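Q: First the structure, then my questions, so here it is.
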Amino acid sequence: MRMMMEMRSLEAALLVVILGHLASALEVPLDLPQPPTITHQSPKDYIVDPREHIIIHCDAKGKPHPSFSWTRNGTYFDVDQDPSVTMRPHSGTLVVDISRARPENYEGVFQCTARNTYGSAVSNNIVVRQSKSPLWSKDKIKPFEVREGVSLVLPCRPPAGLPPPIIFWMDNNFHKLPQSQRVSQSLNGDLYFSNIRQEDSRNDYICYARFTHTQTIQQKQPITVRVVNLDAINDTMADYYNDTELLTDAPADERRPTFLIPSGHSSSKTVLRGHVLEMECIAEGLPTPEISWTKVSGDLPSRRTSFLHFNKTLQIVNVSESDAGDYRCTARNQHGFAHHTISVAVKAAPYWISGPPKNLVLAPGENGVLTCRASGTPKPSVIWLMNGDLIENSPKDISRKVEDDTIIFNDVQIGSSAVYQCNISNPYGYLLSNAFVNVLSEPPRVLTPANKLYQVIENRPVLMDCSSFGSPIPKIKWFKDSRSSTLDGDSYILHDNGTLEIQVAQAQHKGKYICVASNMLGIYENHVYLETREPTRIINQSDDMVVQRGRSVVFECKVKHDKDLMPTVTWLKDNEEMPEDERFVVESDSLSITDVSERDAGVYTCIVNTTLDRDSATAKLTVVESTPAPAVIHGRPDAPTDLELTDQKKRSVQLTWIPGEEHHSPIQEFVIQYEDSLHHQRYWHDLARVPGTKTTAHLKLSPYVHYTFRVLARNAVGLSEPSSPSRMYKTDPAAPDQNPKGVRGSGTEHNNLVITWEPLTGLQSNGPGLHYKVSWRRKRPGSDWTTVTVANNSKFIVSGTPTFSPYEIKVQAINDHGEGPEPAVALGYSGEDLPVAAPTNVQVSVRNSTWVKLHWDPVPLHSIRGHIQGYKVYYWRKHSLHKHNPDYTEKRILTFSGNHSHGMLPGLHPFSQYLFNVRVFNKKGDGPPSTTQQFETNEGEPGPPASLLVTNPSLDSLTLEWSPPHEHNGHITGYNLKYQPVNNSNELGPEEDLALAANETSVTLQNLKYSPRYKFYLNARTSAGAGPAISQEAVVMLDEARPASPFANVSSSVEEDGALISWEYWGPEKNVYVEYIADNSEGEEEWRKELVNASQNVKLKGLKVGLSYRVRVVAKGHNEQPLHSEELFVTVPAVTSRQVDIATQGWFIGLMCAIALLILILLIICFIQRNKGGKYPVKEKEDAHTDPEFQPMKDDDCTFVEYSDNEDHKPLKGSRTPSNGTVKRDDSDDSLVDYGEGGDGQFNEDGSFIGQYSGKSSSRDNAEGHESSGAPSPINAMNSLNSFV
């Protein structure tokens, strides 16, 4: 069992935290005069939920309590004049009631000012914005039909929300789509396929956008992907078209990778310090490429780097300036590879170097300093304000001097109190901090509660607080019991903030302590008390146990503690709470488990807690199968003993030992460790491992080491305690066995050579006096070696070397006992300098509207004067060839790594004139530029029109007005206008096309009669084609004075439980309801409302019988003007007679009694006829009907057949007789029509069958059967009765 005590390092860390807290800024008690201090404010970027009230926080403290005011967008915001805005009492917090106002009306930049008679503090600029989760467009997405093996990109393009949404792809069953190296989602949400397969065919690729602020999820229309197998299509189409081969393309061939994103060979990215840098490279190819990442200019920061999305995304968190540089992603498969270089620039918003400025409390005549020190990239500017106004515009104060980021105060006086604001900003952000200067004369006071009791465990540190305030700042002194001498030194440490620390508390330290605070205005003292307690210890605990299943086990945990501390004991199993099981019994000093099973195996921990300290111990329980033999308890082996060193040589020694007790588990191995007290004292290192059957080891040693050995034994249970150390064995020094590794040569200046190497460790030095012999010579015939001796270092600089010349270098290790082996020769180069020549014969070839190809003759290597890194093309857009566009001067750089002589220049603006030059560069920098040349790009597709507005909507027409595109990209040749109607379910109708001239900027559309809503698409054309379209949606007005009614086909139907009102609706408003009122109502009666839940029908219940009602459907829009349908008249008829409850009618009760009496009479007649036996020729009747299924009455089911002398074939009224004269059994496939005469069977209104069943016999039978239908039998009467019930 192992004891786990609190670590000293944790205690030290806790002390540092406590002392740091105590050393924080001086706090002025709130009962003393002081300027305002902002205590709470909303974040700088404040995104609000439009469904909730807007609360903009601003709280402050001060004496007197400050008043508050606000600005909005730089101007005064009068809270009292806005009925929707209130300010909380005793606070500056604003509350906007959105039930009375629209949230978007309160977007803007807010700033709070808290002021009292001593100054004004201001908050940050709080940018309030409304969160947005817009709906996705309902446009239908055409299916993607692609050939197997090619790449594919499924666009997501979610609506722009605030904040941006989280994107994910799922199917119709809400299962996430599987992603892999082949299929993955990009950072912008699109789904990329490096190559497509047959199994990718499906019709439910759905992109979802989750807007976290409003907790809503929007869904894009499903995308269908069909992977075409062209071989099968060719066979089918060839058969159909007389063996004509229509498709000859085969599935895509295997190919080397190319990048889908980013495009080109290089790109750039800017990231802010402290933010997350994400770079992605997605490639296509067959087989699927693998992506790898490197940093060209250094190593990746391993602890902050993650590779996501199957290595396609490189993520670096908490970015710092060292992360700037070039990063290269490589896509590779068996056919080749592709590179892309991303140049990362790191900028930094302002950040504090030593924290924001702290409040100053000064006595009259004292001096002080406010420091506002921050950094950023680019370097931020510092602006000082006083009480919210620029310090230059504030009243002059001879005691104040502003020096850049510091304000110096000399000989301050009463009345100089104020709040100073420090504003540090650069293009990427700002820091705003308030710090007040409070000039006070105040005698000292101690803020720590009087007679406070401190308790501490013996031999632990203790901190006793003496928090004070005064102006001037009081001096603190501590005394114990009496004022004989101050406590400072020996075991006491007095901190600057007045805290007294005792590093190791002992029993003699307990007692009364006196804290005295004094300044020129007075003295104040406070008493505290210290008590020491004995530590809490577990003095008896169980070892690890092996127990048979079904047996019992007891873990002991006996505790020794201070008599004044009450410990609590907690047991854990595998660091979790104990299971609720009656087999586990916890007592004051033990845990018992009965009937042990395999699930009880694990690590059990006993934790003892008091208010001051804790202790814990663990034991492992192993459960084994029960055996008839007595239980054997397995344990870790005992430590080996009697270590002895024999066969001692310069580089080896033999170690022997005696094994300890195995505890029923054989020893598997011995671990031999050593301590080097000369180079690395108190650290044990593994030296060798030997099998558990050996007790001797021959150890190889190094020179100049002071060895001490120990041995540990390991079995199946665990590792033993280490043995007692052996005696020390010192090896003799010797010359080094090896030379330094990693010898390199490079220059930091154009005329030097820096030689570096990895120095030997103390164990590798083999002796004292380690140093190095460094030799170098120029790599050319006849050069001699130059040698110097360098002390134990890892670098030597050779000065005066020619620029970028090769050198041979070697470094040899030497100590006081000789030299190391002959070193290997390494090759290095002296320092580089800037190239001196420019590329020549530069040519340009324009390929299309957005890229050109460049050619140049490489610069000779001797003119580069360094390792060639590549070529840079500096290019800039001079101006557009369109006369309306201005000139451009922003230069861009495209880098081609390596010794290239040509390259592509992508991403150009169409129809523009560019200037460019080419430069070679090495590690030192760029060479001179080539002659600047120019080229012109071809025309391209234009950008979308700048605007599209709908004006003058009327009954069946409207006017569209637009502005030309910002980016012409050529000569505009015309415009294409497409429009289509939109129905009630937002589905688009047939599309109409209209070609317009280039000089037109408006068009009027007539005869828009097919729909009240239309969607319009407008794009511009150049000779290169049509550009992207701008879209707009509009509603055609039915009336010039008011909007058209959005309702049609309003109808009604009256049912038993109410009137069903139905309609069609195409309006945008969601607030729809039905109003109704009695037709003959008086003027004072109001319309009643029935709400509608997103449907287009509603049932009105509770209408009065016999009345007529006026009904209309209403939609209420944002302008609060309701839109009505035409009124509908609905009449509720009186109740019909069949709706009366006949069960309570007297005639019905009498009829039922008569029917019962008639049935009784018939039963009596039947009984008499059976007993007479001979009145009718029954036997002859039976013989005449030879059908075996025709039988007289049966006793078991009480059915009967009646015979008479003159109607032999007439069935009994109400009996069921088939058409062939036989009585059919109840077959499962019989139908009621089989027993009826054609269509004579009838059904009543509720679906019950009424009438007789009659057989198909002679005409007389048919006629008589029809007669019987007029007088129903008792059975039919009962059937009729059932139809009413």
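Each residue, glycine too, has its Cβ placed from N, Cα and C.
Not my notes, these are from TrEMBL:
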DOMAIN    36-123  domain 'Ig-like'
DOMAIN    134-224  domain 'Ig-like'
DOMAIN    257-345  domain 'Ig-like'
DOMAIN    350-438  domain 'Ig-like'
DOMAIN    444-519  domain 'Ig-like'
DOMAIN    535-622  domain 'Ig-like'
DOMAIN    639-734  domain 'Fibronectin type-III'
DOMAIN    736-833  domain 'Fibronectin type-III'
DOMAIN    838-940  domain 'Fibronectin type-III'
DOMAIN    944-1041  domain 'Fibronectin type-III'
DOMAIN    1042-1135  domain 'Fibronectin type-III'
REGION    720-747  region 'Disordered'
REGION    926-945  region 'Disordered'
REGION    1204-1285  region 'Disordered'
SIGNAL    1-25  signal peptide
TRANSMEM  1147-1168  transmembrane segment
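Help me see these features in their spatial surroundings.
A: Model confidence over the domain 'Ig-like' (444-519) stands at 89, taken as the mean pLDDT rounded to a whole number.
Secondary structure of the domain 'Fibronectin type-III' (838-940) per DSSP (helix as H, G, I; strand as E, B; remaining residues coil): 4 helix, 55 strand, 44 coil.
Counting residues of the domain 'Fibronectin type-III' (944-1041) by DSSP class, helix then strand then coil, yields 0 helix, 52 strand, 46 coil.
Beyond the region 'Disordered' (720-747), the same-chain residues lying 6 or more positions past its ends with a Cβ under 8 Å from any Cβ of the stretch are 636-641, 643-645, 648, 650-651, 653, 655, 657, 660, 673, 675, 677, 684, 701-714, 753-760, 764-768, 770, 772, 776, 794, 801, 804, 807, 809-821, 823-824, 826-832.
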Q: Does the domain 'Ig-like' (257-345) come close to the domain 'Fibronectin type-III' (838-940), meaning at least 3 CB pairs under 8 Å for residues 6 or more apart?
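A: Yes, the domain 'Fibronectin type-III' (838-940) and the domain 'Ig-like' (257-345) are in contact.
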Q: At an 8 Å Cβ cut-off, counting only pairs 6 or more apart in sequence, do the domain 'Ig-like' (350-438) and the domain 'Ig-like' (535-622) clear the bar of 3 or more pairs?
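A: Between the domain 'Ig-like' (350-438) and the domain 'Ig-like' (535-622), contact is absent.
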